[in-house]
Amino acid sequence: MRQFLDRVYGLAEWLAMAALCLIALLVFAQVAGRVTDAGLALFGLPPYGFLVPSLAEIAGFLLVAASFLALAGSLRGGVQIRVTLAIGHLPPAARRAFEVAVLALAAAVAGFFFWYAVRLSADSLRFNEVSYGIVAIPLWIPQAAMAAGIGVFTVALLDDLTAALTGREPSYVTAAPDVTAGEEF
Amino acid sequence: MDLLTISLTLGVILLLLLASGLWVALALMVAGLAAIFLMVPVPPGAVMATTVWGAINSWDLAALPMFVWMGEILFRTRLAEDMFAGLAPWMRRLPGRLLHVNILGCAIFAAVSGSSAATTATIGRMSLPELDRRGYDERMAIGSLAGSGTLGLLIPPSIILIVYGAATEQSIARLFIAGIVPGLMLAALFMGYTAVWALFNASRMPDPDPRVPYLQRLWQTRRLFPILALIAGVIGSIYGGFASPTEAAVVGVVLSLLLSWFTGTLDHSTFVEALRNASRTSCMIVLILAGASVLTVAMGYTGIPRALAEFIAGMDLSPYALLAALTLFFVVLGCFLDGISIVVLTASVILPMVEAAGLDIIWFGIYLVLVVEMSQITPPVGFNLFVIQGLTGQNILKVAGMTLPFFLMMIVAVALIVLFPQLALWLPQTMLAR
Amino acid sequence: QTKWEMPVPYGDTNFHTRNIVQFADDVKAATNGGLEITVHSGGSLFKHPDIKNAVRQGLAQIGEILGSRLSNEDPVYEVDSIPFVATSYDDARKLYAASKETLAAKLQEQGLQLLFSVPWPPQGIYTKKEISSVDDLKGLKMRAYNAATERLAQLAGALPTQVEVPDLPTAFATGRVEAMITSPSTGANSQVWDFLSHYSDAQAWLPRNIVFVNQAAFDALPEDQRNAVIEAAAAAETRGWEASVKETDEKTQVLKDNGIAVSAPSEELKKGLTEIGAQMAAEWAEKAGDEGKAILDAYNN
Ligand code: NA
Ligand code: NA
């Protein structure tokens with residue numbers, strides 16, 4: 001089970017990273033196309049006018065996918081921001097109780113969000129919602145990526161809730177966030 | 001319940017959730033959902049899904065992870081060390097020395113990036129470790145970074161000026177040009193404060209670098225070449241007509257990868273590590289933006305900001321009193337909402353008021369950006385604070401404390417803009433005179 | 001008392017928004033405050049791409065969008081945006097009449113009821129140099145934001161180029177785009193004289209905004225309020241078309257006053273554009289099938 005869950009988190013994170021790379025590749029192709037045209041103009045040749053169709057919309061969709069699929073990884077990496085100033089001063093037992101309560105609330109919100117994200121995607125599929133630019137892209141696809149990311153995030157929160165309930169440290173506490181300066185909080 | 005009670009209740013709910021250690025993004029979502037649930041007969045979950053989708057599915061926002069990625073790549077090169085080493089001999093005599101790199105770096109980066117979180121994340125990733133290593137005061141390093149990160153909004157390009165221009169049907173070209181002088185002025189104020197602080201706190205400054213002969217100084221300056229080439233490449237891609245400001249972020253990534261490759265720091269593991277960190281950090285910022293969008297749509301439904309603005313409109317104030325009241329109003333609102341949301345939610349009520357008071361709409365745009373960019377550094381909801389907590393592990397209240405002097409400099413800047421409106425208006429009137 | 005939320009995409013000073021605010025006031029007055037519509041301008045509640053979904057889901061009860069934004073869902077939505085088919089207000093009115101029933105039926109399939117539709121001023125060509133024939137467009141980087149504008153640029157021999165609206169000033173200034181087609185209204189509102197110099201009043205098409213209401217929300221109203229909404233909508237439509245005509249004159253004058261060289265299209269340009277229009281109309285009719293043909297037939301008779 002442990003191994004399976006870690007694989008799911010890892011897969012989601014790799015997909016998120018791939019989406020970021022894809023944004024960079026598509027945008028770079030468009031910029032390279034303009035540079036090529038400028039080069040052609042230097043030799044008195046007509047521009048080619050290379051176009052990545054619907055670039056702005058596709059980049060937006062990929063950003064959604066990248067952002068939500070990265071959720072579990074960033075939670076478990078200790079990167080998601082929270083304010084532990086107040087609960088940091090509590091005695092260990094009280095702090096653990098807070099940790100459980102916060103995780104339960106977080107999992108509930110994420111699960112609630114997941115359910116409605118799934119509905120949004122299903123709704124878009126049912127009503128054939130598409131993007132409006134040069135290429136008609138069905139909106140349910142990026143919306144499904146968003147829902148999937150939130151789903152994995154919910155699982156990750158439940159995973160940590162289980163850990164907290166059974167007296168283990170949640171993942172984000174043990175992860176050493178990659179801070180560049182200053183002390184740990 | 002009346003709006004005041006509701007506003008206070010929501011504020012308290014949000015503070016309690018944050019204090020209990022709930023993740024910031026989720027706390028914002030819960031507060032937004034609660035407001036919708038309590039006050040509006042619509043399904044909160046469906047509103048949340050639609051709103052978050054609309055807020056994150058954005059071309060402008062796509063620049064954010066690219067800039068963060070660029071910072072992560074450069075962090076793994078020797079670029080920052082080279083830059084500081086190249087600058088050090090020249091800045092020995094300037095009080096505050098290399099602390100100014102934060103401010104200048106943000107001001108230059110602001111000419112590429114339209115957002116303040118991206119500016120803070122990218123510059124901070126490089127400058128903070130280096131300032132720390134060289135023994136600079138942490139409070140000043142962090143405070144100056146948080147403060148000057150907001151320059152990303154004032155110095156063009158600027159997402160918030162675009163939003164204001166669209167809402168008021170003003171020329172974006174003019175707004176951009178109008179932001180230049182106030183942006184530089186704010187940078188100068190930050191540098192002035194830093195210099196004065198350094199003069200009065202000489203004991204908290206690291207030992208000065210040894211004096212370097214002039215020729216050797218010139219030779220050391222060669223180490224600035226990579227960073228200058230990078231800046232020239234990214235800014236040049238915009239003004240040479242090769243890339244839009246959003247696309248320039250990717251030019252930055254590609255040039256950084258090239259730089260990393262040339263200097264031998266690029267391999268499979270640094271590439272993956274940089275990409276993974278970028279993905280996680282931008283995911284954190286984006287999720288907070290998503291949470292903020294839920295709170296914003298709740299504010300749109302409940303009409304709280306609009307009602308507060310109408311309250312100010314009803315007071316029938318003189319122009320200066322009106323600006324004082326609006327400044328207070330925006331600063332308070334800015335504690336809980338981000339700058340763009342504030343502009344969008346209040347434009348309808350504020351602008352007729354501003355026109356009636358005989359204020360110039362372009363000038364007001366610059367004033368507004370200056371005031372709402374303070375929201376980036378006021379707790380509990382301030383994006384630069386979150387970014388810096390992510391970079392340093394220092395909690396947002398501590399970061400906000402360190403940033404307070406720079407916040408006060410921004411108040412000074414607001415006062416200067418109000419007293420001397422030509423600071424904003426002179427350049428557009430001169431450049432675009434017809 | 002019933003409260004409706006109404007997200008609209010454009011700012012408060014836009015003539016569409018002003019018309020809609022008047023509509024909301026009319027409804028409130030006619031129902032003695034029984035139905036109050038809060039207008040959320042400038043995409044402040046939901047952004048333009050999300051407004052239709054929000055109304056369909058009942059997150060807002062009523063909303064406005066640019067109709068041709070939905071062209072990828074069904075060609076019927078872009079019948080008003082086929083270049084050089086209906087180029088005057090009279091023709092646009094005729095085309096609207098010919099297509100209204102189909103349009104309303106399409107919206108009905110999504111649980112939306114069409115209330116009214118108001119056109120933008122006729123679309124013209126903005127450039128940094130004079131355009132006197134289609135040949136002058138050859139090789140120019142022309143803004144394309146959907147399949148139709150891409151095709152139009154291709155047929156004119158221009159290079160279709162994607163630029164987002166907020167990026168237009170920078171894109172023109174740095175040469176990433178050299179020509180765009182939009183209304184004098186949008187041109188004046190975005191103060192194009194800061195970055196370009198010529199406007200050819202080509203009268204390419206008159207795109208319409210559509211205002212629709214969530215069917216379930218509408219049906220839930222008592223009959224007198226429903227009638228009040230329908231009556232106010234009819235008045236808003238009449239008022240909006242008149243305002244649009246006025247807007248055309250006013251905003252064209254604003255362009256002139258700010259030094260834009262405004263020109264009527266030459267015979268040569270008109271001829272070239274009409275040929276492109278005929279081809280695009282044929283292509284559209286093929287894509288839109290029997291429904292499309294029926295609309296064009298009704299319009300042409
Ligand atoms: Na900027
Ligand atoms: Na704030």
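Cβ coordinates are placed from backbone N, Cα and C, and glycine is handled just like the others.
Nobody curates TrEMBL annotations by hand; they come from automatic prediction.
Here's what TrEMBL has on this protein:
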type     : residues  : note
DOMAIN   : B:12-423  : domain 'TRAP C4-dicarboxylate transport system permease DctM subunit'
TRANSMEM : B:12-40   : transmembrane segment
TRANSMEM : B:99-124  : transmembrane segment
TRANSMEM : B:145-166 : transmembrane segment
TRANSMEM : B:172-202 : transmembrane segment
TRANSMEM : B:223-242 : transmembrane segment
TRANSMEM : B:248-266 : transmembrane segment
TRANSMEM : B:278-301 : transmembrane segment
TRANSMEM : B:321-354 : transmembrane segment
TRANSMEM : B:406-427 : transmembrane segment
Cβ pairs under 8 Å between the transmembrane segment (B:248-266) and the transmembrane segment (B:223-242), at least three: yes
Same-chain residue ranges lying at least 6 outside the transmembrane segment (B:321-354) that approach it to Cβ under 8 Å: 11, 14, 153, 159-160, 163-164, 167-168, 289, 292-293, 295-296, 299-300, 305-306, 308-310, 312-313, 315, 361, 364, 367-369, 371-376, 378-383, 414, 418
Intrachain neighbours beyond the transmembrane segment (B:223-242), with Cβ under 8 angstroms and 6 or more residues off its ends: 74, 79, 82-83, 85-87, 108, 111-112, 157, 248, 251-252, 255-256, 259, 263
Folded-back contacts onto the transmembrane segment (B:99-124), same chain, C-beta under 8 angstroms, at least six residues removed: 60, 63-64, 67-68, 70-71, 74, 83-84, 87, 91, 131, 136-137, 140-141, 144-160, 162, 183-184, 187, 190-191, 194-195, 198, 231, 234-235, 238, 245, 248-249, 252, 281, 285, 373, 376, 383-384, 386-388, 390-391
Contacting positions for the transmembrane segment (B:172-202) when only residues 6+ beyond its ends and CB under 8 Å are counted: 94-97, 99-100, 103-104, 106-107, 110, 137, 140, 144, 147-148, 151, 154-158, 161-162, 164-166, 362-363, 365-366, 369-370, 405-406, 409-410, 412-413, 416-417, 423-428, 431-432
Interface-richest range of B:12-40, B:145-166, B:406-427 toward the transmembrane segment (B:278-301), CB pairs under 8 Å: B:12-40
